[in-house]
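For reference, the structure is listed below as structure tokens.
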Amino acid sequence: MPVAAPHSYFSGYSVFNAHRSTMEISDSVTHKNGRQRRVISPQEDMRDADRIHNTTLEVEESEALIQGSDKEDNGHPKVVPGVRGELGNVSLLLFLYVLQGIPLGLAGSIPLILQSKNVSYKDQAFFSFVFWPFSLKLLWAPLVDALYLTRFGRRKSWLVPTQYLLGLFMLYLSVTVDILLKSDGGSGPDVVTLTAVFFMLAFLAATQDIAVDGWALTMLSRENVGYASTCNSVGQTAGYFLGNVLFLALESADFCNKYLRVEPKANGIVTLADFLFFWGIVFLVSTTLVAVLKKENARGQHGKRKVREETQSVMETYKLLFSIIKMPAVFAFCSMLLTGKVGFSAADAVTGLKLVEAGVPKEQLALLAVPMVPLQILLPLIISKYTAGPRPLDVWYKAFPCRLLIGLGYALLVWWTPSFRQEDGYPVYYYGIVLFSYALHQVALYSMYVALMAFNAKVSDPVIGGTYMTLLNTVTNLGGNWPSTLALWLVDPLTSKECQEAAGQSCGSPAEAGLCVKEGGVCVTTLDGYYVESVVCVVIGLLWWLWLGRRMTKLQDQSSAAWKCKIGQ
């Protein structure tokens with residue numbers, strides 16, 4: 001379940017699905033507070049994931065519906081065709097979103113693989129930058145929207161080269177990933193190169209997301225443009241599941257021997273190299289077919305008029321973003337969004353990796369995503385009933401301390417985990433405890449995230465709703481990414497170890513630890529930095545909640561004029 005955005009069982013998949021949840025929020029939110037959609041998890045968290053451009057998609061849909069004409073050029077009323085006439089376009093969109101989720105799922109699986117190879121938490125922190133592009137894509141989205149080759153197509157100008165590069169990067173990784181992950185001469189995995197390549201994969205996936213979101217508005221007719229959000233939600237989730245949960249299960253020798261094979265073997269059914277090669281070929285072939293066969297035009301089958309697209313220039317968009325940020329209410333709100341998740345960072349970013357370190361199979365943690373899917377679908381629908389009113393942040397404020405306490409519960413779970421271990425692994429009831437704790441975490445996480453999305457929709461100026469909402473969602477996701485990276489980075493410095501059975505040796509660094517072992521000693525952890533972080537983060541979170549939490553809820557009392565952009569007036 002680790003996903004895009006800080007990489008852990010608890011942060012990863014929850015983040016991705018929290019992002020997804022905004023697309024599934026009930027109409028009670030969208031009708032009363034302005035249109036919005038999903039992307040994860042809070043983070044948190046795929047992961048995340050952040051996926052913030054999807055909110056822009058929904059707002060643009062509303063604007064496009066208003067702008068569109070109800071009649072054809074000949075003046076006769078249009079005949080509503082229904083979705084059957086555009087099944088090809090809907091299927092293409094769904095497939096493109098599935099492709100987008102594949103590299104994100106693979107990136108989410110790498111931290112667990114690295115953890116099984118005993119890399120340092122500083123290395124994990126460095127790799128966590130892979131999950132940042134979806135939280136920063138607002139920085140280059142205006143370029144994707146405004147620069148293109150007219151003859152080739154506005155969206156295809158970015159989609160085709162982006163997907164070709166994704167395919168080529170996957171093929172390159174299929175040849176080199178085993179070398180990058182394996183220990184050569186005791187040097188360990190090449191985390192720097194892995195981070196660089198997977199960062200490019202995430203960057204390209206985020207760019208593809210911008211292009212596909214925009215193309216969805218013109219690929220479908222006015223009557224069916226609402227299906228774009230469904231394709232986004234289902235496609236990205238399916239792609240992430242294939243690249244993360246399914247891959248980790250099929251790559252695990254233990255899982256395959258236990259559930260899928262008659263005769264045990266030393267390896268899983270697929271390797272990471274095989275998986276990357278297969279999807280690299282799929283990217284190259286499918287992109288070629290789209291480039292050759294799919295046309296971008298103003299009309300589709302049966303002469304249906306497509307939704308009209310209008311876009312500001314690049315400079316106008318950046319000026320608009322800057323003018324929004326300068327508004328006192330928005331600046332205060334963004335400052336709180338960037339600092340409010342520090343209290344959750346240790347629990348979200350480190351817990352899953354600590355469970356793997358304790359010997360819990362990574363594929364078993366990934367499979368816990370499956371029973372969580374119904375809950376992650378229902379939670380936004382239920383919570384939105386309480387956030388649809390004039391004070392959605394009240395729900396956020398009440399859920400905040402609950403989520404902090406759940407973080408302490410995670411630390412207790414990690415400390416308790418070794419006592420559950422048996423000769424053949426962990427018992428079923430242990431996974432039941434993990435699943436229950438994760439479900440509680442999801443309730444608190446979604447309560448806060450859905451409340452924030454509802455408030456973002458409520459205060460966004462409808463005249464520039466797409467840009468406004470995307471900015472607020474970008475800041476929300478970024479506010480979860482940087483604390484998680486920092487939390488991973490600090491685990492090792494806060495951990496204390498001593499060398500036992502070898503006098504005069506220490507374990508303060510990898511070199512010293514190696515010397516301790518060479519002298520016949522063993523490094524023993526006397527103080528785990530994860531537990532230190534867990535307590536410190538909860539204390540910081542409680543102080544933040546007491547000092548700034550109420551101030552954040554008071555932003556709901558601001559007049560609507562305080563949130564309206566004055567540009568051009």
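Note that Cβ sites are derived from N, Cα and C of the backbone, with glycine treated the same way.
Note: TrEMBL annotation is automatic and uncurated.
Per TrEMBL, the feature transmembrane segment maps to 94-114 (among others).
Here TrEMBL flags 126-144 (among others) as transmembrane segment.
The feature transmembrane segment is assigned by TrEMBL to 164-181 (among others). Long-range Cβ contacts of the transmembrane segment (164-181) within its own chain (Cβ-Cβ under 8 Å, at least 6 residues beyond either end) map to 99, 103, 113-114, 117, 189-190, 193-194, 197, 200-201, 204-205, 208, 271-274, 276-277, 279-284, 287.
Per TrEMBL, transmembrane segment is recorded for 193-217 (among others). For the transmembrane segment (193-217), the residues of the chain that approach it from at least six positions outside its boundaries are 4, 51, 53-54, 56-57, 60-61, 64, 93, 96-97, 99-100, 103-104, 106-107, 110, 114, 126-127, 129-134, 136-137, 140-141, 144-145, 154-156, 158-159, 162-163, 165-166, 169-170, 172-173, 176-177, 180-181, 225, 228, 231-232, 296, 307, 309, judged by C-beta separation under 8 angstroms.
Taken from TrEMBL, the feature transmembrane segment applies to 237-256 (among others).
Long-range contacts of the transmembrane segment (268-293) within the same chain, counting only residues at least 6 positions beyond its ends with a Cβ under 8 Å from a Cβ of the stretch, are 92, 95, 99, 102, 106, 113, 156, 159-160, 163-164, 166-171, 173-175, 177-178, 181, 243, 247, 250-253, 255-256, 260. According to TrEMBL, the transmembrane segment annotation covers 268-293 (among others).
Tertiary proximity for the transmembrane segment (320-344) is limited to same-chain residues at least six positions away from its ends with a CB under 8 Å from its CB atoms, namely 42-44, 138, 312, 400, 403-404, 407, 452, 459, 464, 467-468, 471-472, 475-476, 478-480, 482-483, 537-538, 540-542, 544-545, 548, 551-552, 555, 558, 562-563, 565-567. Residues or ranges marked as transmembrane segment in TrEMBL: 320-344 (among others).
Here TrEMBL flags 365-383 (among others) as transmembrane segment.
The transmembrane segment annotation in TrEMBL covers 395-416 (among others). For the transmembrane segment (395-416), the list of distant contacts is 10, 340, 343-344, 346-348, 351, 354-355, 358, 383, 386-387, 433-434, 437, 440-441, 444-445, 447-448, 450-452, 455, 530-531, 534-535, 537-538, 541-542, 545, 549-550, 552-553: same-chain residues at least six beyond its ends, Cβ to Cβ under 8 Å.
Annotated transmembrane segment per TrEMBL: 428-452 (among others), in sequence order.
The annotation transmembrane segment is assigned in TrEMBL to 530-548 (among others).
By the Cβ criterion (distance under 8 Å, sequence gap of 6 or more), the transmembrane segment (237-256) is not counted as touching the transmembrane segment (530-548), fewer than 3 such pairs being found.
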